[in-house]
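Working notes, beginning with the structure itself.
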Amino acid sequence: MKNTILILFTAFIALLGFFGMSAEALADPIADPVAGPNPEADPEAINLKAIAAFAKKLLG
């Protein structure tokens, strides 16, 4: 029973990783896989420039 749960959990994590990578590849199909994520293609990426501009505006 313990082995079955471990195998199912591992398969679930593998599927999550596979579909997550597929979604990122579909968002930016011409991206270089070695270069890392493209912030323009990844809607969940942190936009540091916007945060810096907001902080600058807020602080004066």
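Including glycine, each Cβ sits where the backbone N, Cα and C put it.
According to Swiss-Prot, the signal peptide annotation covers 1-27, on the basis of sequence analysis.
As annotated by Swiss-Prot, repeat 'AXPX 1' applies to 27-30.
As annotated by Swiss-Prot, repeat 'AXPX 2' applies to 31-34, with the evidence given as a curator's inference. Per-residue confidence over the repeat 'AXPX 2' (31-34) averages out at a pLDDT of 61.
Taken from Swiss-Prot, the feature repeat 'AXPX 3' applies to 35-38, supported by a curator's inference.
Annotation source Swiss-Prot lists repeat 'AXPX 4' at 41-44, citing a curator's inference.
If you look up Swiss-Prot, you'll see LEU59 marked as leucine amide. For LEU59 (leucine amide), the Cβ neighbour count at a 10 Å cut-off comes to 6, with all displayed protein chains included.
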